[in-house]
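Written out below as structure tokens is the structure these notes cover.
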Amino acid sequence: MELPSAPGPERLFDSHRLPGDGFLLLALLLYAPVGFCLLVLRLFLGIHVFLVSCALPDSVLRRFVVRTMCALLGLVARQEDPGLRDHSVRVLISNHVTPFDHNIVNLLTTCSTPLLNSPPSFVCWSRGFMEMDGRGELVESLKRFCASTRLPPTPLLLFPEEEATNGREGLLRFSSWPFSIQDVVQPLTLQVQRPLVSVTVSDASWVSELLWSLFVPFTVYQVRWLRPVHRQLGEENEEFALRVQQLVAKELGQTGTRLTPADKAEHMKRQRHPRLRPQSAQSSFPPSPGPSPDMQLATLAQRVKEVLPHVPLGVIQRDLAKTGCVDLTITNLLEGAVAFMPEDITQGTQSLPTASASKFPSSGLVTPQPTVLTFAKSSWARQESLQERDSQRDKPRRLTELKGTGWHPEPQDGDWGQPSPNSQQAG
């Protein structure tokens, strides 16, 4: 079965909570004082909702009372076609939008949802999840749970996407393990609407999602029941999952994609670490009046050339024009981010002493010969090495200036010398 052109991860996940429209942002600012008051009041009311849900046994009365109290919290649960609900089906399949989808469906019908990739804990229980141990035994444990003969039977509510989306564009690929539990499942669609802000953000925690749910005026959860779907003869779990995914996507007016939770994690990683020009590049050129940008670029390129003599000067200048940072250009060249044809190192190193000697024809000082270049892996080490080479390059000029003032260098290398006795007596 071929899938139509599917949206990318940037359309399935919202990265910003606040609206981009100026009018909606102004409305949110005006509503903020009211929202904070509602947040405080609903936090106290939410404690009572939790206590009532723990005290009352699972029944129609409990669901009615808790559903009414949740409406005061701004969490409104609605359902369409409740007559299609088949109570003999033990596995319910739904798309995933918010961290509280299972709580909303539990207000409409009795169900249990396991929390994946999390050990049993009080938080797991308090959020309404069924405590299960590990993914390895998960499927077998769920099969035993569905095969139990206790009355009334409690169905499983599973989210094959395993990660929440924004609920507008498409569905993640359905995992096959929920469809290996039983040969018949009942799908349902879930749509969530909320004014002023996004329903969910890709990297937000369930605590922040809860606070935003209590802050906004209301959040409407619309549940629509679909007819049960049976496994066809000889149908594999992957084919069964794909068929149910397409059915749910069609009812939602969305597209079933091949994206997985791993694609969502990669998308979030790219959002946190975009390959943009660093801020330090903007401060490489001082704002004060000075040499022209071409002269500054040539100076920076010469510094990179001293560190990497085998790199052509034109390649260095082109990368510096993009980055504006010596250290970043050196990193790009060392890591292979910039392609180039290496030059002959002997030609590059011989040109430097000739240029230095022409500046001081009568000083009689010997220009330091180029040493073997080693490249540090860290940026701070390369910067320190670069500063040391600048100091060695300026040493002949400093010696000439000190010699004119009566200072004479000692034979030891690296010592600037002491004043001669004659100059002290003359003073």
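Backbone N, Cα and C atoms are what each Cβ position is placed from, and that goes for glycine too.
It should be emphasised that the depicted structure is a prediction, and the values quoted were computed from it without experimental measurement.
Residues 62, 65-66, 69-70, 72-74, 126, 196-197, 211, 214-217 of the same chain lie 6+ residues outside the transmembrane segment (23-56) yet bring a C-beta within less than 8 angstroms of a C-beta in it. Feature annotation from TrEMBL assigns transmembrane segment to 23-56.
Marked as region 'Disordered' by TrEMBL: 253-295 (among others).
For 296-338, the entry in TrEMBL reads domain 'CUE'.
Taken from TrEMBL, the feature region 'Disordered' covers 349-368 (among others).
The region 'Disordered' annotation in TrEMBL covers 380-427 (among others).
If you look up TrEMBL, you'll see 385-401 marked as compositional bias 'Basic and acidic residues'.
With DSSP classes pooled into helix, strand and coil, the tally for the domain 'CUE' (296-338) is 32 helix, 0 strand, 11 coil.
Per-residue confidence over the domain 'CUE' (296-338) averages 81 (mean pLDDT, predicted model).
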